[in-house]
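Per TrEMBL, the features are:
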- 28-181: domain 'MRH' (DOMAIN)
- 255-277: region 'Disordered' (REGION)
- 1-22: signal peptide (SIGNAL)
- 186-210: transmembrane segment (TRANSMEM)
Amino acid sequence: MSPPCHTSALLLVFVVLAVAGAEQSEERSCDVVGDESSESQMERALLKKLEPLSHMRFNVTVEKDKTESYIYHFRVCREVNSTSHDFGGLVQTDKHSGKTTVIGRINETQVFNGSDWIMLIYKGGDSYGRHCSGEKRRAVIMISCKRGVTASSFSIISEEREKEQECFYLFEMDSSVACPAENSHLSVGSILLITFVSLIAVYIVGGFLYQRLVVGAKGMEQIPHFAFWQDLGNLVADGCDFVCRSKPRNAPAAYRGVGDDQLGEESEERDDHLLPM
């Protein structure tokens, strides 16, 4: 093989490997049951809300007796084993035999929510053998609100397989992604008050700096619009004086001290001997 042909072959192999690696590295995510056009905005919003949990893996071990012991592997909108390409979002592993069973697949997802919870359902799992008329397994994961916790307490609640149809595995976990948005505790009046105080602070500080640095004022003159505020203070003081002191200033006091009359009489009696006889 000539050198140019050899180089071209190596380049082609490199491109194929790069494309294959890119396809393998891109993990598949949840696909809601039904056509893409039938997905509601609510379902898309809930799947977007669950994205922070997609990089996490959850496991729980269940031992029923000495012969039955299982490990359940769960991922939120991602495959548990991306190399197997089975879309398995929740997989059961038998600890004794090592056999794996897909409980639910991410390409058949349903999702809905309440005020403080999100229900994630994986359908299309491996078929039952002797139970539930051989229908496909289904995993139901209840995600409850717990603020301050990204994800915790993943556990299995029960497996309902005694019915003829609609059997399921029920799991639960806690996460802050299921919590509603916290409303602001500030009322409209509080917001207006904070805004007003902020404007006053800007006015005082900005005016002070302008008077001092630009105008070159000193002392009380550094207060912005000092003459206006001084006149306003005088007017307020006059108003208070007028309202609170309704009587003329030269009116005699209504209160007289104890003994005033006696003092007056004594002074007159003391002056009688000075009159001419």
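Cβ coordinates come from backbone N, Cα and C, glycine included.
Cβ atoms under 8 Å from those of the transmembrane segment (186-210) belong to residues 222-225 of the same chain, restricted to positions at least 6 beyond its ends. For the domain 'MRH' (28-181), the mean pLDDT of the prediction comes to 91.
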